[in-house]
Amino acid sequence: MQRIFSGVQPTGNLHLGNYLGAIRNWVRLQDQYECIFCMVDQHAITVWQDPKELTRNTREVAAGMIAAGIDPAKNVLFNQSTVPAHAQLAWVFNCVARMGWLNRMTQFKEKAGKHKENASVGLFAYPNLMSADILIYKATHVPVGEDQKQHLELARDTAQKFNNDYGVDFFPLPEPLIFGAATRVMSLRDGAKKMSKSDESDYSRINMTDDADTIALKVRKAKTDLFPMPHSVEGLEERPEASNLLGIYAALSDRDKTEVIHHFAERQFSEFKAELVDLAVSVLGPINAEMKRLMADPSHIDAVLRQGAERANAIAEPILKDVYDIVGFLRP
Ligand code: TYM
């Protein structure tokens, strides 16, 4: 069976982008692949995290995944820092990947902003840890949202360079799996910006913990243009906000975007938004309730993560040992 690895940063609320771009796809893939899903807490601290919040968020993201339908008995679910081999392989990759490759990463440029000298070294080296996350399990497939595509290309380049440098056929070149009607969910306030955990405005995103009233308010306030509902996909790229909301509707209802456009073509935006609220609440409501139930007694989540770490370590340790042998590290 082919192996999947994917991860989420426990840096705040899971939002609709994480759900539609990633987690929902993971739920669908769990029957076809051996899956390893990770709360990447070591990635999270590349920018400052309050320690108590980080612990809480790690549990909450795990709760979100389980509530969304990821079966912890079938899949490996754990937090990154409990499997030391990720950081150990990342060091080897720090010595394989080139500065020039990392300099091209758009996410670093966005996150570091104007003052690159003040960014942590970890933020710059972040993609190497991500390559290690995937390759320490020799994962063949990585389901992610579109924003992670460039990092995955780097993971493939690093795997290839390692194989070439050492004259081995050791690491697979992992394939991105990017699919669904919402691979890049945009902010509800600005159709040119990605929906993200770090946006200052909570109105920019729908969180998986939002209740029905909050979802209704956020969708009602979501930015739209002054034109009527579109009749076709043509020209939709010039209407990013409308396109985004239609994409969200299509993804939530498991329908094709074109079909959704036709369905709403002769109607008002307000009607469309009201139906979008009902749909979002019907999908997210039960997940939200289950998350709350799981978070009320974290001992179950902790047990899941403990067991996940054991299973993950059992896969990762022999692979790290092989890497060390290939590199020539003496282990007397
Ligand atoms: P993160 O925590 O930012 O996001 C987790 C997953 O959600 C997807 N996603 C989105 N999809 C669609 N629209 C959006 N607005 C949106 N925002 C986020 C992301 O693409 C991702 O799939 N670097 C990764 C975490 C990571 C990882 C890995 C992923 C660390 N190691 C190894 C895959 C494999 C990140 O920051 O994701």
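Placement of Cβ uses the backbone N, Cα and C atoms for every residue, glycine included.
Whatever TrEMBL says is automated annotation, not expert-curated.
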>> Gln9, Pro10, Thr11, Gly17, Asn18, Gly145, Glu146, Asp147, Lys194, Met195, Ser196, Lys197, Ser198 show up in TrEMBL as binding ATP; which entry in Val27, Val185 does that record put in the same site?
In response: Val185
> How far is it from Met195 (ATP binding site) to Asp133 (L-tryptophan binding site), counting Cα to Cα, in Å?
Replying inline: 24
>> Test of understanding: give the count of other CB atoms lying within 10 angstroms of the CB of Lys197 (ATP binding site).
In response: 17
> Cα-Cα separation of Lys197 (ATP binding site) and Asp133 (L-tryptophan binding site), in Å?
Replying inline: 21
>> Given Thr11, Val185, Lys197 as the binding-site residues, which ones have a Cβ positioned under 6 Å from some atom of ligand 1?
In response: Val185
> Name the residues of the same chain, 6+ apart in sequence, whose Cβ is under 8 Å from the Cβ of Thr11 (ATP binding site)?
Replying inline: Ala44, Val47, Gln49, Leu54, Asn57, Lys197, Ser198
>> Mean pLDDT across the motif ''HIGH' region' (10-18), rounded to an integer, is what?
In response: 94
